[in-house]
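K.L.:
Could you have a look at this structure, given as structure tokens, before my questions?
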Amino acid sequence: MPPRAPRPAGAVSPPFPPLAGPPLKARAPRARDSPLTSPCRAHAAMASVVAPAASSSAAAPGADAFLDAACPEDVARALAAELEALRALGHDVGAPAPGASRREAALFITRAVDGLKAFSRVDERVYVACGKLVHLRVRSREADLDAWLASPELALIPAVAAAVRRHRARVEAALRWFWREAYPALYARGLQSALKYEEMYLARLEHGRCEAMDQFFVRLAAAAATATRRPMALVLCGSDAWPEVFDAYFRALATQAIVPATPLMLFAGRARGSLASCYLLNPLPRTTEEAVRAITDEVAPILLRRGGVGLSLQSFNRTPSGDCTRGIMAVLKALDSMTAAINSDSERPTGVCVYVEPWHADVRAVLNMRGMLAADESLRCDNIFSCLWTPDLFFQRYQRHLDGERAVKWTLFDDRASHLASLHGPDFAREYERLERLGLGVESLPIQDMAFLIVRSAVMTGSPFLMMKDACNRHFHTDTRGAALATSNLCTEIVQRATPGENGVCNLASVNLPACLAGGAFDFAALRRAARVAAVFVNAMMRIGNYPTGASVEGVRRSRSLGIGLQGLHTTVLALDMDMADPAARRLNAAIAEELLYGVMDASVELCERGLRPFDGFEHSRYARGVMPFDAYERVSLREPMRWDALRVRIAEHGVYNAQFVALMPTVSSSQVTESSEGFSPTFTNMFSKVTISGELLRPNLPLMETLRRLFPRECARRDAVARLERAQWSVAAAFGELPAGHPLAKFKTAFEYDQELLIDMCADRAPFVDHSQSMSLFLTEPADGKLHASRVMGLLMRAYNLGLKTGMYYCKIRKATNNGVFTGGDLVCTSCHL
């Protein structure tokens, strides 16, 4: 692809040669967000393009002048080339009129994509072509560099804009590299990737303009470079010169080697928004007044900045009485209503997960607060989630039940036993049983009944999540005896201390594993480099984060917690021609986790070697004693033990800059821009469908579709194979029967088709190298009779417990027996942790 020159000052559009060659990536014209985000940004953006008369009278003249100008010649030529390529595929969608305006070209692309996208079901080339068209629509409306720098709507931080202007020649050189080297791959990703960029991440500017793809990456890289201290710069690239630092960030971001969290992509470099993703709160309220004050003073400011919240309310544990007639549920209803109100006008909804322990007096009410389980509207809380912070004792008693012991009980306590929340392990078990003997419990029920209530709620409502209290405390980097950790975050992958004066705060980014493939093999050196860049990038952004509360500022100051994750594990395994169940894939899975941890820790140690101070409390941490996260696990096999030994010595001598390093989050949003599989999970389906106000958006499994094209070179045979998959609910096994080992199609299983015990075991393989946790969901298919037994889910939770995992269950996703095999979107999810 010929290079594209950056736009000169004042130019209407940059010179951009006709786009030819392999299909590139694109963005769709209309809203593709979930109903929760309606009206979404893309819909609003297109409304301003197609019907500017609806805009304010002040803005309309400028918008009219820009949008009614002729579509740039380079975009028109590229559009003509793409339409010709579509005609070669048998799809003639016409063409815009000669000399069409920007508005007319955008409207034409909108209609073309809406008419073509349904063909993605049978032809992956159309899916990619639609993406290319959307990219062209973005280019038809993008601002020039000067307009972008000066945009009041974008509101660049003055220091960031000044740095770009000061080093403009170097920035423009980076842009030439981008259009020549990085953009062709982005352009070829697919429709969903392009849609996600246009709808969510590219800023909308004045007069119908939008942020360009290259400007988006400039904004992120320039913000990070401006915030990077000299020691960070030396760790990153060996130079503290701003242009060198900018280049290092820009190339890693533009090639999608690293993908920042959604708050960073939205707000980095801008004088608005907060950059942190995850907030953990434990305000310790004991009364209704204290609980309401915590919600309004601590939770609301975070939600208004679009952060996701994990909130411990274990301390609010009063049985109904004269001055507290509804226990915790009145407070949860207030929290639910506030969350709904804040999300009602948000382009990016977020959420709250409330943490309680399973001995909380109101735990059954919490389990019944969502969906059909809510007894009446006054108790319904569909806008928040719950998670059980579950001690080992619960699983030990359930195991006794499984072993045949009769009348195994589980006891609920009120605030007379509030000190149990600060205990874990044997200390908790001894005190819990002492309180039982004293008769202080408010109620006892059979352990199997309690287990059933948990599973029923998870299966029917998507909540509660379940985390292992003792595992989280056992593996924490400081001693938590007598001051147990009480909460995780919204998506169950962050493990931090939270107190009334100090929130846990974590800043996130992920490494895109498919970007680490080279020559048909996995490049561990590339992974290590990406992990180091991600660590320095997030540390730099942490310095300029606009945190919503004083307790959040204190949490960042003390721990500097990183959450570097991964995405595209299943995509990578497929690209290496492996099945997730292959022993080689199991080994690769663990090796990737080890290399990720090493890369992040190595960078963090080097920051201290170059003069930065270790995190507050390092001297009391396990790191100071030479203990690594994996040392508490049995039978851990290291790829290169000697380098870990050397790292221990370096830590003992210099310290480590960050208190925490690796968190494996879901990456729902960011894996859409890379078209990679989410996080560490297998893909949910071979044909994803999302229904929005403008129709159905399909996302085929591109590697599967490309494999079918190779296996069935005759078009009629390929179409027949696709039809078989369609009839078989997009299950390869159901469509083609039992395939021999090594068959090119045999590896295309979905998360619902894999043995869930295998997926849990793979989490356990990674666990020694994940000092936070992993957002592990369960993917279960309902039996033909429609009855999913609670014992099946509990069996999986017991396996997670016995393997020492910290997260036992994030979502419990159920595929109905009558499902058509096309996994539908629209679930209530948080884009802060999902990246």
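Cβ from N, Cα, C; glycine included.
According to Swiss-Prot, the protein has these features:
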type: ACT_SITE; residues: Asn489; note: active site, proton acceptor
type: ACT_SITE; residues: Cys491; note: active site, cysteine radical intermediate
type: ACT_SITE; residues: Glu493; note: active site, proton acceptor
type: BINDING; residues: Thr262, Ser277, Cys278, Gly308, Asn489, Leu490, Cys491, Thr492, Glu493, Pro666, Thr667, Val668, Ser669, Ser670; note: substrate binding site
type: DISULFID; residues: Cys278-Cys506; note: disulfide bond
type: REGION; residues: 1-39; note: region 'Disordered'
type: SITE; residues: Cys278; note: site 'Important for hydrogen atom transfer'
type: SITE; residues: Cys506; note: site 'Important for hydrogen atom transfer'
type: SITE; residues: Tyr810; note: site 'Important for electron transfer'
type: SITE; residues: Tyr811; note: site 'Important for electron transfer'
type: SITE; residues: Cys830; note: site 'Interacts with thioredoxin/glutaredoxin'
type: SITE; residues: Cys833; note: site 'Interacts with thioredoxin/glutaredoxin'
K.L.:
In whole Å, note down how far the CA of Asn489 (active site, proton acceptor) lies from the CA of Cys506 (disulfide bond).
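P.N.:
Cys506 (disulfide bond) to Asn489 (active site, proton acceptor), Cα-Cα distance: 9 Å.
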K.L.:
Quick one: what's DSSP say for Cys506 (disulfide bond), helix, strand or coil?
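P.N.:
Strand, per DSSP.
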K.L.:
Look up Thr262 (substrate binding site) in the DSSP assignment and report helix, strand or coil.
P.N.:
helix
K.L.:
Using the alpha carbons only, what distance in Å do you get between Ser669 (substrate binding site) and Tyr811 (site 'Important for electron transfer') once rounded?
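P.N.:
Cα-Cα distance, Ser669 (substrate binding site) to Tyr811 (site 'Important for electron transfer'): 16 Å.
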K.L.:
Near Tyr810 (site 'Important for electron transfer'), which of the recorded positions Cys278, Asn489, Cys491, Glu493 can be found within 10 Å, Cα to Cα?
P.N.:
Cys491, Glu493
K.L.:
What does DSSP assign Thr667 (substrate binding site), in three states?
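P.N.:
In the DSSP reduction, Thr667 (substrate binding site) maps to coil.
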K.L.:
If you measure Thr262 (substrate binding site) to Cys491 (active site, cysteine radical intermediate) at Cα, how many Å is it?
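P.N.:
Cys491 (active site, cysteine radical intermediate) has its Cα 14 Å from the Cα of Thr262 (substrate binding site).
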K.L.:
Whole-number Å only: compute the distance from the Cα of the residue listed as 'active site, cysteine radical intermediate' to the Cα of Thr667 (substrate binding site).
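P.N.:
Spelling it out, the Cα of the residue listed as 'active site, cysteine radical intermediate' and the Cα of Thr667 (substrate binding site) are 10 Å apart.
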K.L.:
Pop the Cα-Cα gap between Tyr811 (site 'Important for electron transfer') and Glu493 (active site, proton acceptor) into the table, whole Å please.
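P.N.:
With the alpha carbons as reference points, the distance is 12 Å.
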K.L.:
Give the helix, strand or coil assignment DSSP yields for Tyr811 (site 'Important for electron transfer').
P.N.:
coil
K.L.:
Which one is it: of the recorded positions Thr262, Asn489, Thr667, Ser669, which Cβ has the fewest other Cβ atoms within 10 Å in this structure?
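P.N.:
Counting other Cβ atoms within 10 Å of each of the recorded positions Thr262, Asn489, Thr667, Ser669 gives the minimum at Ser669.
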K.L.:
If you measure Asn489 (active site, proton acceptor) to Cys278 (substrate binding site) at Cα, how many Å is it?
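P.N.:
Each residue's Cα considered, Asn489 (active site, proton acceptor) and Cys278 (substrate binding site) end up 6 Å apart.
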K.L.:
Just name the winner among Tyr810, Tyr811 (the recorded sites) by count of other CB atoms within 10 A of its CB.
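P.N.:
The residue with the most neighbouring Cβ atoms within 10 Å is Tyr810.
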K.L.:
Measure from the CA atom of Tyr811 (site 'Important for electron transfer') to the CA atom of Cys278 (substrate binding site) and give the result in Å, rounded to a whole number.
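P.N.:
A Cα-Cα distance of 18 Å.
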K.L.:
To the nearest whole angstrom, state the Cα distance for the pair Tyr811 (site 'Important for electron transfer') and Thr667 (substrate binding site).
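P.N.:
About 14 Å separate the Cα atoms of these two residues.
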K.L.:
Does DSSP give Asn489 (active site, proton acceptor) helix, strand or coil?
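P.N.:
The three-state answer is coil.
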